[in-house]
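Participant: The ATP binding site feature in Swiss-Prot is assigned to 25, 26, 67, 70, 71, 72, 133, 134, 135, 176, 186, 223; the stated evidence is sequence analysis. The annotation Mg(2+) binding site is assigned in Swiss-Prot to 71. Residues or ranges marked as DNA binding site by Swiss-Prot on the basis of sequence analysis: 315, 320. The region 'Large ATPase domain (RuvB-L)' annotation in Swiss-Prot covers 4-186. What Swiss-Prot records for 187-257 is region 'Small ATPAse domain (RuvB-S)', and it gives sequence analysis as the kind of evidence. Here Swiss-Prot flags 260-334 as region 'Head domain (RuvB-H)', drawing on sequence analysis.
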């Protein structure tokens, strides 16, 4: 879909080649983890307490919009605990045996990270309950009348689940997490620190004003700020002397069609469709998806959260409504 081509998409299949760079610039310690102060402070205490007791950290659920650092935080937790981390995702674990193979290969206090945990199948989820609660695995051996259940003891471990849809988790699964952390959109100042650190890791020349210009257009999302940094770097190397200042960043981002609010053509398309085609709303999600040629899930999970948080869009029981701020942004009269 169109969403996959967006430069400011928190999730995109078109930037897989840059994952290697992302891994290289990811922080490895809580001390280097910018923003999310409440999460960092709490996790520091929980990790130190678990280490003092020489126990596995309680199971941890991390939720929030895409691109905010859920995977990064999971890796930091494992690194701070001094244990191994095994990574998988909900859709990959199709059968109970897939999960059992991972669990039986864990060492004491290791971390098992499941991304998109809300997409686990009910069959796999049932196996996970006793593993989380009692560190035991219930396995069925054989078929028919000869089938029998055996219990396998597991070493203490920490399950870290990540999701963009905490509400989609079943209550039995959600209640088994001892620690629940919500990641919020980042402040511009925190993103400025992140982009300056990334520039340093990549060996780029960038001043604080250039970092601020990139940060304010990144929609509160670290993944986006790092992607914009790489595109601004390309512009600075080709059109300038390689140094990234505010003017260079502004020109590069304008060329990339990312405005001062962090909107790109998809954001403008969505808001303008509501204002011009549906008289400002309310408009239902099905009609809106058809009008802009995008999937409903993409609108709800990727496009809308930032627009709602910034006050440009309202999501009501009757449908979506463009706010006065949206009309003001586009210079359109109601």
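Cβ atoms here come from the backbone N, Cα and C positions, even for glycine.
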Participant: Measure between the Cα atoms of every pair in 25, 26, 67, 70, 71, 72, 133, 134, 135, 176, 186, 223, the residues the record assigns to ATP, and report the largest value in Å, rounded to a whole number.
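Facilitator: Largest pairwise Cα separation, rounded: 37 Å.
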Participant: How does the model score the region 'Large ATPase domain (RuvB-L)' (4-186) in terms of mean pLDDT?
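Facilitator: Mean per-residue confidence for the region 'Large ATPase domain (RuvB-L)' (4-186): 88 out of 100.
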Participant: Only counting partners 6 or more residues apart, tell me which same-chain residues put their Cβ under 8 Å from the Cβ of residue 135 (ATP binding site).
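Facilitator: Counting only residues 6 or more apart in sequence, the Cβ neighbours of residue 135 (ATP binding site) under 8 Å are 153, 154, 155, 156, 157.
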Participant: Quick one: pull the CA-CA distance for residue 67 (ATP binding site) versus residue 320 (DNA binding site), whole Å only.
Facilitator: 24
Participant: Do any residues at least six apart in sequence from residue 133 (ATP binding site), in the same chain, have a Cβ closer than 8 Å to its Cβ, and if so which, in order?
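Facilitator: Correct list: 176.
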Participant: So, three-state DSSP: helix, strand or coil for residue 315 (DNA binding site)?
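Facilitator: Looking at the DSSP assignment, residue 315 (DNA binding site) belongs to a strand.
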Participant: Taking only same-chain residues 6+ apart in sequence, whose CB is under 8 Å from that of residue 320 (DNA binding site), what do you get?
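Facilitator: Residue 320 (DNA binding site) has long-range Cβ partners 274, 281, 282, 283, 284, 285, 288, 304, 313, 314.
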Participant: Using a Cβ cut-off under 8 Å and a sequence separation of 6 or more, which residues in the same chain sit near residue 315 (DNA binding site)?
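Facilitator: Set apart from residue 315 (DNA binding site) by at least 6 residues yet with Cβ under 8 Å, we have 304, 308.
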Participant: Tell me the residue counts in helix, strand and coil for the region 'Small ATPAse domain (RuvB-S)' (187-257), as DSSP assigns them.
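Facilitator: Taking each residue of the region 'Small ATPAse domain (RuvB-S)' (187-257) in turn, the totals are 50 helix, 2 strand, 19 coil.
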Participant: Treating G and I as helix alongside H, and B as strand alongside E, what does DSSP give for the region 'Head domain (RuvB-H)' (260-334) in helix, strand and coil?
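Facilitator: Reading the DSSP string over the region 'Head domain (RuvB-H)' (260-334) gives 42 helix, 9 strand, 24 coil.
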